[in-house]
């Protein structure tokens, strides 16, 4: 392990070769890459579905498909994007790669579980996608009963797939919690952890505590279909609305599984690219935990019109507002971090700024929905669709892209074309707003979601929205193009291109197999950049006093 | 041109909202505007500060660190407390109005609503069933709703109201329309193939014209030939859930070519399908059950009068 | 392969990314506790469903629970408690390096598992024969074929006694079966309707939707049964390993963790038993 001299050219990418050395790897970095490839493939598939949806909605009547096909397409768009892409997105792909590195550790606590988690993902994804080919699914990703128990499509199959995906998610979360508890290096107290780790930690808690409830919910749904158990069947004395409670008890916290790590990524990006210590570290850290706790108490706000009692609605409305406060705290802290910084508008920072803009809209429109009187009108309209795309896409996906660009040099050892990166980010930003802002207007004017046909009066808004989605598609193809190009032709990445100080930047790009060449890492203040100076010749940062940059270990 | 922040009013939609046509709509809209202004303010705050910082403090690549303070407790407390106060206010106003929205006034005019794949049926106090919602203006109207199959949701944008319609239970929705005219009704809860075609109209009549309309509409036999009335009943009273018109197998025998044939019964005997047999089957369905079918049909005794039954018989005759 | 176990000072069971035994053990233990938390939450969903339906329809639960056999349930509770005890003792034996004791304790624990599932099978079969099932399959009339199968006479004696009540009670208003199907002899004399736990139940009229109780009963005990099976496989696995002398004072993590799992399975049953069987 301590043969540092010979490992200079050997890194985790080339230490062993062959497909099996990847498919059976226990190295968290390789598993992270496996996840990255897998979830990006899912994203492509889900994105294609989105394109089909937007194309169909170019006209109020039938455009390119039948009503049943449309119902299947939007179901798969939702199911793929949520269960296959966005839930594992930042934690399992970026998190797997970065988390042990940030801790100065050699790996996660349970490497075998980590690999199992990926294989479970593959199995679940395979089953879920197979359900498309076998008999499709037309329930919407929410699987509401009694529709889901009576429709003739392969609901049972996709539910089985999602059940397995849930296990994958639980194992990742469990692994991360134990790793953060047990593998922190000397000197890294809880409050010296990079904020991404706080984000991943709170995410992992939700994954471990909420996902089992999804498991039992889907199990009940499957039993309902296979055996006619009757729990959700009004004709047999069951209660179809109970399913919604069960489902949202998981699926609302799941929204925070998606957004919390994104907020962690943004905290890293804003501080590094403002060249300034993060502002209000403890408030940001505790707000992540607060969001995780509140996330379990607000599921009922998906059901304000379901007929639950006024008292229940009142409680859920009040609790829902409470989530907005920690979110607001984060936004103000990020702004304060930028204040009087030395801001570098590199691609990751452009994504961080986009996040700030889009997430603010997503959060503020949440106020309309938490308020009972206005939610009644907006529930199940395109306003909801726009709101959660602003939070999930404008928030999580944008942060994911920011993180991907930020850690790309570390993962691949290559730099991408910075200019194209900035242009693609701007195109994406414009396309996104054109696509989804129009949907706020459609929704508040009364267009319900999941509509195959719509009223003539919504035609121009829908066409504008579709146009926006094509603009986004262009941006995504650009991003894919220059990232792939960088793998072959990219400039070699320096160890620390951005001048960040969390531990992953204290090793080579890409890192060696055991991360730090056997060096014993010590906790540092991740937001103290004084130990690094810019070196023109390598277009990256080097430690002020030479060495490997880990000397500032206070 | 409709302004971005303009207000909706009776009969005129705003940039954001459809026309404001119920008593509740006015109250919901005032809350909507309050939140909108609040959002615009905070959005502007974040964007202006973010953009200003990004431009003002923008620096060339390769900067060292910038040392300034990294926390300020007073500031943190301020931007925690202000949003907290604001959301408490929001919660309260939203809740107050919601309570009024969800509590039907006493003595409201009651209309029964059934949601089924994929149509709404509105049953008026006199038993008349219509596919659209008709109601008088400036009157409290309560809809008592249930579903025949999956969950639907009654959504009337112009009245700013919505309520899920669940099988096996009744839910209520009320409104008081402030203007006459026709307003869209949608199904807002996804319910399958024709979810987006599960539409209806809320037709609001002047107060003195509603009862005459209902009397006129209820008098089907004066307005339509029997075959058409029979077809209407076939669709509205659930006959079509079990009896097909095209020989497709169902819970009950198909109506296609049924009239005039001999049917074998469960007790082994046979019967000619004529006027009397159909009449008996509607009023006392279990008396003679066709072989191969379960005795599950409900009786329609008391729901159809002789004229209605004649119309249904004429309709069955017409299905060849 | 890539998980290269180190050279000097790194024993075979210590993975390369851990510094020492203590760190590895405490990590494994924390991981196991988290896993147990997920298991509890999995069951929590069912407990919530139970709570919702019981609070909405207490009469169904009071009526239907009398068809569960308290004696068999009680025996099963004892069996599981005993096996939990031998399991805990086994962990102690592993820590002290008493190999023979460990092997025999694990074997007893495994036997306990088999005993539990055996008794559970007897209970399930009786329910099946009497049509005391979930949802659309709930059809208490189907018990009228009892007695034809002499091989199950013992089962009948335990289980059949309350069954005639169902028929009697259902007949006036039962929706799920036709009264004519039940021959009069099947309803049995009134004297036999006393449930065998000796408690005086109000067996009067069958409430609506009794099938909900049996749906929940089979879901809860079925899912628990699957967990018993998993626990038994794990015990079997460490039994094999311990025969090879894999565990001792230095390394007993798997025994400890499987022990925790087995206690959880036991604990869940401790909740299921009173909630399902002992309702008055």
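Using N, Cα and C of the backbone, Cβ positions are placed for all residues, glycine too.
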A:12-32, A:33-53 - the one TrEMBL records as transmembrane segment: A:33-53
Average pLDDT across the domain 'Cytochrome oxidase subunit I profile' (A:16-525), rounded to a whole number: 93
Residues from the same chain, set at least six apart from the ends of the transmembrane segment (A:382-408), whose C-beta lies under 8 A from its own: 36, 86, 89-90, 94, 97-98, 255, 258-259, 261-263, 265-266, 268-269, 272, 347-352, 354-355, 357-359, 361-363, 365-366, 368-369, 414-416, 421, 425, 428, 432, 435-440, 442-444, 447-449, 479, 483, 486, 498, 504
Cβ contacts the transmembrane segment (A:278-299)/the transmembrane segment (A:350-370), at least three under 8 Å, sequence gap 6 or more: no
Interface present between the transmembrane segment (A:115-137) and the transmembrane segment (A:198-222) (three or more C-beta pairs under 8 A): no
Contact set, same chain, for the transmembrane segment (A:115-137): CB under 8 Å, 6 or more residues outside the stretch: 24-26, 31, 34-35, 38, 42, 45, 72, 75-76, 79-80, 83-84, 88, 92, 152-155, 157-158, 160-169, 171-172, 175
